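Chemist: Here you go, one structure.
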Ligand SMILES: Nc1nc2c(c(=O)[nH]1)N[C@@H](CN(C=O)c1ccc(C(=O)N[C@@H](CCC(=O)O)C(=O)O)cc1)CN2
Ligand SMILES: NCC(=O)N[C@@H]1O[C@H](COP(=O)([O-])[O-])[C@@H](O)[C@H]1O
């Protein structure tokens, strides 16, 4: 039974999808804690409702990123996670922090990486007139949104799409994809080896 810690910064709809998948047995694990860098976000309410410790490590209370990350990792390590899930966690992490969790830390990013790392992906898709968009789950490395991709799901962009409609379409895919990939890491089907992502002992090349 894998020990999961989830980091959030906001609404927590991906957290909710993972909570639901643990509850229905699709994920062989338990969520030991949910940690937010922002206080009062709805994702913390989701955790409390599910009976999961909901903790805030407010990055604005620290004078440096290093001090914030030290507090964050001390909090995380109390729960000794096998899997660390970034679910809408909106802080760029240092290489030192990433190294400490390398190979057990996942992120979901709302674009078809390597297109559009960073923020405001839906806006950029619309600005560029892209006809395809999507979401990616990857191992977290020091390179922002540059870690080995494990899985992606794509959607079609239509002429009447807005940032809001794209977010809705993307998140419908995310809420199916992320719990599946988390379950693969929990049951050992997916691994981080030699700087690459492996599924069922085959290198994933996306
Ligand atoms: N070293 C890494 N850190 C993080 C990664 C990663 O792959 N490597 N993934 C991100 C998640 N992310 C996109 O998927 C992302 C999150 C936040 C930002 C960003 O610019 N954050 C700003 C603050 C924004 C805010 O607080 O609203 C910042 O940290 O200054 C870019 C991409 C998580 N971290
Ligand atoms: N760059 C990171 C990023 O933009 N992540 C995105 O934030 C949303 C969080 O929603 P949620 O809080 O409802 O899960 C998700 O769509 C996720 O892909």
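Note: Cβ is positioned from N, Cα and C throughout, glycine not excepted.
Annotations in TrEMBL come from automatic prediction, not curation.
Annotations for this protein, taken from TrEMBL, read as follows:
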type: BINDING; residues: 12, 13, 14; note: N(1)-(5-phospho-beta-D-ribosyl)glycinamide binding site
type: BINDING; residues: 65, 90, 91, 92, 93, 107; note: (6R)-10-formyltetrahydrofolate binding site
type: ACT_SITE; residues: 109; note: active site, proton donor
type: SITE; residues: 145; note: site 'Raises pKa of active site His'
Chemist: Count the Cβ atoms, other than its own, that fall within 10 Å of the Cβ of residue 93 ((6R)-10-formyltetrahydrofolate binding site), considering every protein chain shown.
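Modeler: Its Cβ has 24 other Cβ atoms within 10 Å.
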Chemist: Residue 109 (active site, proton donor): which of the binding-site residues 13, 65, 90, 92, 93 is the nearest Cα neighbour?
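Modeler: Result for residue 109 (active site, proton donor): the nearest of the binding-site residues is 90.
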Chemist: I need the most crowded of these recorded positions: 65, 91, 109. Count other C-beta atoms within 10 angstroms of each C-beta and give me the top one.
Modeler: 109
Chemist: Looking only at 13, 14, 107, the binding-site residues on record, which one has the least crowded Cβ, with the fewest other Cβ atoms within 10 Å?
Modeler: 13
Chemist: Checking proximity to ligand 2 here: which binding-site residues out of 65, 91, 92, 107 have their Cβ closer than 6 Å to it?
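Modeler: Within range of ligand 2: none.
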Chemist: Among the binding-site residues listed here (12, 13, 14), which has the Cα closest to the Cα of residue 65 ((6R)-10-formyltetrahydrofolate binding site)?
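Modeler: With Cα distances computed to residue 65 ((6R)-10-formyltetrahydrofolate binding site), the winner among 12, 13, 14 is 12.
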Chemist: On the three-state reduction of DSSP, what should I expect for the residue listed as 'active site, proton donor'?
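Modeler: Strand, per DSSP.
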Chemist: Return the members of 13, 14, 90, 93 (the binding-site residues) with CB less than 6 angstroms from at least one atom of ligand 1, or none.
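Modeler: Only 90, 93 meet the Cβ criterion.
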Chemist: Can you check which residue among the binding-site residues 12, 92 has the largest number of Cβ atoms within 10 Å of its own?
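Modeler: Comparing the binding-site residues 12, 92, the most crowded Cβ belongs to 12.
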